[in-house]
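Novice: Here it is, the structure, as structure tokens.
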Amino acid sequence: MINLLLDILTTAGILFIVSIGLLIVFGVQKIINFAHGAFLTIGGYVALLVTGAHFSPWLAPPVALLAGALIGAIVERVIVRPLYNRPLDAILATWGLSIVVVQLITIGFGRGVQFVTSPVSGAIHVFGADYSLYRLIFLGIAIVLGLAVGLLLRSTRLGLVARAVILNENLARSLGIDSDLVRFMTFVVGAGLASLAGALLTPLLSVDPTMGVTWLLNAFMLVMVSGTSLISLMLACVVLGGAQVVISTFGNPVLGGLTIVVLAAILLRLRPTGFARA
Amino acid sequence: MRSTVSLPSETRSSELIRLGCVCLAALGLVGIGPLCLGEYSVDILIRSFLFGAVAVTLDILWGYTGILSFGQSAFFAIGAYAGGLIFTHLGLTPLDAILAVGIGLIVASLLGALVGWLAFGYGVSDLYVSVATLVLCVVVVRILYAGGTFTGSSSGLSGFTTFDLSMPVWFALTGSFLVIVAALGWLLVHSDAGTLFVSIRENEQRARYFGLATGRIKIALFAAAAAIAALAGFGYASYTDVVAPDLANFKFGTAIVIWVALGGRATLLGPAIAAVLIDFISAYLSGSLPFIWELLVGVVFIAVIVVMPQGLGPGLARGVRSMLPLRSVAPSSAAQLSIASQPVITAQSDHGPSAIAVTALSRHYGSLRVLDDISFTAQAGELVSLVGPNGAGKTTLIRCISDGTERSGGDVAILGCSIGRLTPEYCARLGLGRKFQTPTVFEALTVAQSLRIARARIDPPSLWRRADTINLPQAALQVVQATGLAEQLANPVRSLSHGGKQALELAMVLAAEPRVLLLDEPTAGLTKAERRLIGGILVDLVARHRLCILLIEHDLDFVRQISSRIIVLHQGRIVLDGDVATVVGSELVRTIYAGEPQAIGAMT
């Protein structure tokens, strides 16, 4: 029972970390970054490089964050900026980018599955059950990250300006807010967070050029049902992630893999605002 | 009786002759192809042609109708697996083959209709169909994986007995399939129904308010596209002898989207050619430059989306055309306007139910009450003006009368029929016409095509023909002729002035022959002369044709001249309802409307 509960919580944590970058970009830019999965893959390979060069595995996530942000900055300028007014085309162009990234990684690293050294291993005894230490650390990171991004939005000037752009971009613009800069910054942060998520995932999963695609779909559906709110995203991760764990454990793993996308699609149809307040 | 307005336009027959020539030439190429090409090329092209046909279906969905589907791959896979499963588990008698095709078509179109039903319901976001088709791909792949030995799980099915045909025959079959799908697609998009698809892409809301059940149209189109994709999939399985879950993958689904975008959305031929070429070259290069080629396609795709969203096809076609000494083809358009025979409405209909009956209507957003306890009736032959300061709830009231899903409480009846919870298209079918506050038109259509769409419920559009006359009721024709639209019938709506668009929308609303007309500031942006003219037409509609008009206007002079009654709305309530003299002379109205009594002096 404790195990199941921990499974639900840590799965929700993983989903939250994977989706948060996409949510931020969607909130401000109103576009869906379909290269989100590719940035995640980049993070995974950064972790592979860092640990391959015998640096501490703890170094991998921050390096991935920086690398993702840097690449995100270039991508924003070249591909995303011309498409501010064409949100559907932005989905397509970022998907094209994702194809390019996957092919570049395949050329550079090969198609095969690779493994990254984990910073910690083994299980820990909590609440009378043995549970994977890394998954628990992951949950902690998710909580810290959620609080950090929430604080960033609540109490910094950038956050204030970003919230203004989320609520009404034209009005924000007319008040002298450089909304292009806000868009740029959020895309950079979103891309960085995606890569961070990729690096954080590596001790749990193997690395391969298409690792981002499955995560992209789950993250996309979670963001669709969360709108632009961090709280809704948290709720969506716990409810849908929980449903996935429960169905995989007691039902059938095939159905479990479909849980998030199918439930989210049904929820969106019944209640277009999803978990966000109407 | 016919109007005298006519336009130079390319006749339908010369278009059809051209289409016939292109088809014959294409079929000829398909016939001689295997003689000139190497065996490997023929092998690849047989498959590529099938992909080309799927690209054509997606272009009709996305390019013309605006439905971005990532799921054509899922329907392709369903057709392919219908073949693979039946041939593996049953055999290959003619009966089995018919069964396989039938099952593929039925499953794909039913599933297509189901997805369409989910995605095209009233109020569902436009993005939902993209989301739902992505999910569909994932679900179909998972089901195929979970099928064990029945579906062959991850490795799929292969080595089943299939039709024993020679390569040239296969080449002719799939090539002809592509030509036929493209030709039928061409006929469809160049028919009046095709214009209707574009109108849905351009402004679905406007089309709904003409009484067109756009949701059902999209469901039918989506299901038909699914069936054709399944047919192509069946051909694929029969030829290659292999089916794998990857066929349903959304990566294949997005590849189809890429072909359409590169070839040029809404060009039909562009996507077909792009699909065939890209698949053909991919097959050739996948041996020598496996990843570089996909990388290249990705880079070109990004560049095209960012820099030339219309795709490569149109640019290339323009280049070729400028080199060839071809005469430029005049944009074709419906050539003539004629007067529709309208039922003669006698004074007797005045004794029927009220044209508009609103009872205790309310609308609130959370705790904000925008409309509260609104009750009034309006009869045929009345022109009722709705006045009140900004924010009084005038437009909200119009919305609640024309869309049954809008109001929070109370009841609305049009010509004696309660609108219940009906969506706008069914309210329109009760005899309601609505003109929006800002001109709401189909930017990409021509003036003539727009009028055609406004008439689509009364004169149902053909799936393969284009009518060369548009029947318009007298009033619509009058607006078209008096505002100069008659000289601009072949012009795109995009090029009209603000006033031109206002006049066009009014003409479109009148073309749909409503019995009850809701007009939200119909003369904003028009000149004084045009305004007088429209006023005259409205008065005439009420007096002679016994329409009931509910009008929102800020110009009180105009209101006074044409109204038979005025309702004053203030803070969501009716504060006054009476004839023109009573309302205009009322102290209450002066205070509410002008803020101060003396300011209204000019009006009285």
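Glycine is treated like the rest: Cβ placed from N, Cα and C.
Found this in TrEMBL, in case it helps:
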TRANSMEM  B:16-38  transmembrane segment
TRANSMEM  B:44-62  transmembrane segment
TRANSMEM  B:74-92  transmembrane segment
TRANSMEM  B:98-120  transmembrane segment
TRANSMEM  B:127-147  transmembrane segment
TRANSMEM  B:167-189  transmembrane segment
TRANSMEM  B:209-236  transmembrane segment
TRANSMEM  B:256-280  transmembrane segment
TRANSMEM  B:292-312  transmembrane segment
DOMAIN    B:356-596  domain 'ABC transporter'
Novice: Using a Cβ cut-off of under 8 Å, list the residues of the same chain at least 6 residues beyond the transmembrane segment (B:256-280) that approach it.
Specialist: 41, 44-45, 47-49, 51-56, 58-60, 62-64, 68, 70, 72-73, 178, 182, 185-186, 189, 198, 297, 300-301, 304-305, 309-314, 317
Novice: Among the recorded stretches B:74-92, B:127-147, B:209-236, B:292-312, which has the greatest number of Cβ pairs closer than 8 Å to the transmembrane segment (B:167-189)?
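Specialist: By Cβ pairs under 8 Å, B:209-236 leads among B:74-92, B:127-147, B:209-236, B:292-312.
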Novice: With a Cβ cut-off under 8 Å, give me the same-chain residues at least six positions beyond the ends of the transmembrane segment (B:98-120) that come close to it.
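Specialist: Same-chain contacts beyond the ends: 71, 74-75, 78-83, 85-87, 90, 128-129, 132-133, 136, 214-215, 218-220, 222-227, 229-231, 233-234.
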Novice: Could you tell me what the rest of the chain brings near the transmembrane segment (B:292-312), counting residues at least six beyond its ends with Cβ under 8 Å?
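Specialist: Counting only partners 6 or more residues beyond its ends, the transmembrane segment (B:292-312) has Cβ contacts under 8 Å with 258, 260-265, 267, 270, 274, 278, 281-282, 285-286.
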